[in-house]
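K.L.:
The domain 'Biotin carboxylation' annotation in Swiss-Prot covers 22-474. What Swiss-Prot records for Lys140, Glu224, His259 is ATP binding site, and it gives similarity to another entry as the kind of evidence. Per Swiss-Prot, domain 'ATP-grasp' is recorded for 144-341, and the stated evidence type is sequence analysis. Summarising the annotation, Swiss-Prot assigns active site to Arg316 and lists similarity to another entry as the type of evidence. Sequence annotations record features per position, and here Swiss-Prot assigns domain 'Pyruvate carboxyltransferase' to 561-828 based on sequence analysis. Per Swiss-Prot, the feature substrate binding site maps to Arg569, Asp570, Ala571, His572, Gln573, Arg642, Thr902; the stated evidence is similarity to another entry. Residues or ranges marked as divalent metal cation binding site by Swiss-Prot on the basis of similarity to another entry: Asp570, Lys738, His768, His770. The annotation N6-carboxylysine is assigned in Swiss-Prot to Lys738. Marked as domain 'Biotinyl-binding' by Swiss-Prot: 1099-1174. Under the heading N6-biotinyllysine, Swiss-Prot lists Lys1140.
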Amino acid sequence: MAQVEDYSSLHRLRKNSEILSNANKILVANRGEIPIRIFRSAHELSMQTVAIYSHEDRLSMHRLKADEAYVIGARGQYSPVQAYLQIDEIINIALEHNVSMIHPGYGFLSENSEFARKVEDSGMIWIGPPHNVIDAVGDKVSARNLAGKCNVPVVPGTDGPIDSVEQAQEFVDKYGYPVIIKAAFGGGGRGMRVVREGESIADAFQRATSEAKTAFGNGTCFIERFLDKPKHIEVQLLADNYGNVIHLFERDCSVQRRHQKVVEIAPAKTLPVEVRDAILTDAVKLAKAANYRNAGTAEFLVDNQNRHYFIEINPRIQVEHTITEEVTGVDIVAAQIQIAAGASLQQLGLLQDKITTRGFAIQCRITTEDPAKNFQPDTGKIEVYRSSGGNGVRLDGGNGFAGAIISPHYDSMLVKCSTSGSNYEIARRKMIRALVEFRIRGVKTNIPFLLALLTHPTFVSGDCWTTFIDDTPSLFEMVQSKNRAQKLLSYLADLCVNGSSIKGQIGLPKLTRDADIPVIHDINGWDIDIKNTPPPESFRQYLLDYGPEQFANQIRAFDGCLIMDTTWRDAHQSLLATRVRTIDLLNIAPATAHAFRYAFALECWGGATFDVAMRFLHEDPWDRLRKLRKAVPNIPFQMLLRGANGVAYSSLPDNAIDHFVKQAKDAGVDIFRVFDALNDLEQLKVGVDAVKKAGGVVEATVCYSGDMLKPGKKYNLKYYLETVDKIMEMGTHLLGIKDMAGTLKPAAAKLLISSIRKKYPSVPIHVHTHDSAGTGVITYVACALAGADVVDCAVNSMSGLTSQPSMSAFIAALDNEINTGITEQNAREIDAYWSEMRLLYSCFEADLKGPDPEVYNHEIPGGQLTNLLFQAQQVGLGEKWLETKKAYEEANMLLGDIVKVTPTSKVVGDLAQFMVSNKLSPKDVERLASELDFPDSVLDFFEGLMGTPYGGFPEPLRTNILAGKRRKLTRRPGLELEPFDLKKIKEELQSRFGNSITECDVASYNMYPKVFESFKKIQEKYGDLSVLPTRFFLAPPKLNEEISVEIEQGKTFVIKVMAIGDLSPQTGTREVYFEFNGEMRKVTVEDKLAAVETVTRPKADAHNPNEVGAPMAGVVIEVRVHPGVEVKKGDPLCVLSAMKMEMVISSPVSGRVGEVIVHENDSVDAGDLICKITK
């Protein structure tokens, strides 16, 4: 049976369309994008192609684009770069596989005359100028001499190479500075050093020669005068073997960094015609004088007086040849191959008078460099690679594909992007569009820098010079790519593999669908179209129109008792560990704006929500405030301000408080509830004054504690009225009564409010309590009847227990006798949403079943009680909860029976847990005070960083606790602190986190430096997680479950988890596969469970003072000693963190550190051995 020929085979197609009968197989002695470019032209000429590659390049794209590919050397025989410099091995491969032509590309051996000679001697065709021409023009010194013979101007320089620093110095003495030392061979900016007056000529010479030797195998250099701010113009030349030379016009290569081209333009935009003509004429003249053959480039500098100077001839193809091809229509690589095979320019139709340019073209080199880090090359795996395209866009790529490994061994270029248009501006705009379309993830790229460059006015005008980048620091004020998709997928992938990492979460959300948004009705019972109906004006508009004082008068004049809804802040702090996220507040915000339009305010910001947003929810609290303000423009917002502490746990410099309050006011806060946790009026005044300066509404607040009607109590009616008197003297728009624990009983409330009202009839009184004992509604009714103007409530499903009293219950209890501004119907409508939120956040619920009248004894604040329970469980004291509550009472009395509000309530809680963990009675604490390592918060309190408690500090306990550790402050803490240098802080943050740092970020950092830094790192890793629906923030999607994530208006990600790969035992990672907007994506995640091994730590001997143990469970965040160091008693050994509590572990004895058992980030249990001290 006759064999049937495969007419569709590539071999058959080539045979039928063969052009070069004497040369049909080409080897490219290079790597990356240039072999691919050459292979493409070779395929068009029906040639077979051969690639070479190093072991490190075995996965590179150029190997796959050739018909055949052969490795250079055995693994480890050559370095990654040396492999491409093995002349004899490359030639042997070519001969062994019947190669007829060798193209050197650019770089590596492209300008090596020995390589060219050996190829010619072997009988193969060298695609490039002959070896003797390379010697003549490749040596820049020889090229300068050639220019002199042709009367082509050159920059003043040495007649030949220089061999010593002394010769370089002689040239400087004759011509002056600045000068440039240049490698005689090679290019690409390597082996070049500019030396200005005052700089070391010796160092520059040594670096230039060393770099040239490394890059090109030849360290020969010469020196010439350096022109300041010239243009770099190069002319593309083509010459055949018969003496014919043409030019393909010029390229403007002035945009450079360290003498390496970054962006190129063809033709030059601003070059005068006469200068262009002179340069083109001189370029052709030089090529003919050198008997040049094949493709090459003559390079010139043009000074600011439009005088041109010849620099060199590059005897090879250039990286930027693509844009000349775009404007002339000439395939330069195909011409190279055919000329080398014997074709004349005339045969190729390349006649000078027939060649013209059409429009403009621009080329950008997209590299894996980080411009923000001085263009430091980035390495790693490309996770996502989506390129540009379309009209006027050309891509010449190398290793740009998803999954490519970017190694540190080679050039960092991924792809060359060239755009063309009928004029310069069109080409520029196409380039901007093309760069914006690129999506490259997994490695840093220079695209943000290129975009900044392309939009700079100097580039727009085409007037750049060779040092433009170095002279223009504003180019580095880049808009970074957000990389939102890949970051979000990284979080979901980690969630799929490792589960939720949100602290405090137990189990999964019980709500597994989107919550329903309720229908809101107006006073006539009609449905309100909340999407298309703007919220009605209310108290906030009055505030904006008339200011804080008239606003206060309007509130006082209201006939009834208004309600502030705390659902958005204190309610979820008290019930759900402050874990409610921004997205769930925003979902109900439009409905709330209508339903609660006559509410006094929404408490939505400040207090614990501020740091928890960053610390645990990975959200920006300022972003939350701005978004909520936009969604609810009509209802006043109130925040909680801890006086001189801001929203921190101890005092800050006064200017930090002023700065914070101003940012909060500008971002949308209207009313500031200002309090001091000890009712220290000096501390309180700092916050009050800051609010006044910012133009906010001041609600100066008295913190209520205990039972004022109980005989002998420290805080009685007389105390509270005297405190109110001083606050009124200070000046406030509203007066707040803040009952954090819910110990304000109805009778006490009636007496307190009526007493204040009698004395101050015109000031609005605003009461806050917690319903821990179950008596909150009764207390509020008493307050309303006694003359209170505002009370704090939460919607039904978010009320009670440690939260605020029920809004609906309060409204119903008043039985319409007192107007609250909110109807029961609207309260129920909003509550329907929050009842579903309780299910969504059920994994943060505290195990509280009902009211706890015991609060009248232990006085634990409502917002703290659930968090304290959670903390106790985290540090191993969950089974000792009753002991902890009892210890809280005892700790309070040890501290002097203080007012307990954040942060002083935290001090009591930390001390209580410390006592239970270390089995200490109050007498033990007093007896051992000078020896114990107390939590930092306790030390802060006794030092005086939180102010001075009413009645002073307990002595001698204070003295003993601080002995050898802290000093005693004798005046307000803020006066002891140096003002923050806010400008310097912002600059430092910008240097670390980029130019996107705002004044609000500075304020966050001032409050919580470590928390802010950690948040920015999470944000850098995962992006903006606030857009992720909560059920997918806390629990992974099911396989093949489609989820939608709206990242901004009109832009939605559609995501589906397709598979989770097996564990890689070598790396301890798994690959998670997603379908993202219909495309497959893969994310590699460390399997943290797979890497976990059971570690049994030795325990410290409690009876041996030389063995230091952990006083409680936590994480080691800092180790301050190492074996062999001398320590004294009380010297810090390490810092332990348990939830929000930090503790310095100090040495119990003096001696030498013998062994340190722990390291940073180690988890330890109570009693675990930290280190040993030897005498």
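Keep in mind that glycine also has a Cβ here, set from the backbone N, Cα and C atoms.
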K.L.:
Can you give me the average pLDDT across the domain 'Pyruvate carboxyltransferase' (561-828), rounded to a whole number?
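P.N.:
It averages 95.
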K.L.:
Tell me the Cβ contacts of Glu224 (ATP binding site) under 8 Å, same chain only and six or more apart in sequence, or just say none.
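P.N.:
The list for Glu224 (ATP binding site) reads Val154, Val155, Pro156, Gly157, Thr158, Val179, Ile180, Lys182, given in order along the sequence.
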K.L.:
Let's see if you can do this one: DSSP helix, strand and coil counts over the domain 'Biotinyl-binding' (1099-1174), in that order.
P.N.:
0 helix, 40 strand, 36 coil
K.L.:
Take the C-alpha atoms of His572 (substrate binding site) and His770 (divalent metal cation binding site) and report the distance between them in angstrom, rounded.
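P.N.:
The separation of the Cα atoms works out to 12 Å.
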K.L.:
What is the interatomic distance between the Cα atoms of Lys738 (divalent metal cation binding site) and Lys140 (ATP binding site), given in whole Å?
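P.N.:
If we compare the Cα positions of Lys738 (divalent metal cation binding site) and Lys140 (ATP binding site), the gap is 83 Å.
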K.L.:
Please report the number of other Cβ atoms within 10 Å of the Cβ of Arg569 (substrate binding site).
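P.N.:
The answer is 28 other Cβ atoms.
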K.L.:
Please report the number of other Cβ atoms within 10 Å of the Cβ of Lys140 (ATP binding site).
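P.N.:
There are 25 of them.
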K.L.:
Measuring Cα to Cα, tell me the gap between Arg569 (substrate binding site) and His768 (divalent metal cation binding site) in whole angstrom.
P.N.:
13
K.L.:
Could you state the CA-to-CA distance between Ala571 (substrate binding site) and His768 (divalent metal cation binding site) to the nearest Å?
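P.N.:
For Ala571 (substrate binding site) versus His768 (divalent metal cation binding site), the Cα atoms are 12 Å apart.
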K.L.:
I need the CA-to-CA distance for Arg316 (active site) versus His259 (ATP binding site), whole Å please.
P.N.:
18
K.L.:
Given the binding-site residues Lys140, His259, His768, His770, state which is nearest to Gln573 (substrate binding site) when distance is taken between Cα atoms.
P.N.:
His770
K.L.:
Determine, from DSSP, whether Glu224 (ATP binding site) sits in helix, strand or coil.
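P.N.:
Reduced to three states, the DSSP call for Glu224 (ATP binding site) is strand.
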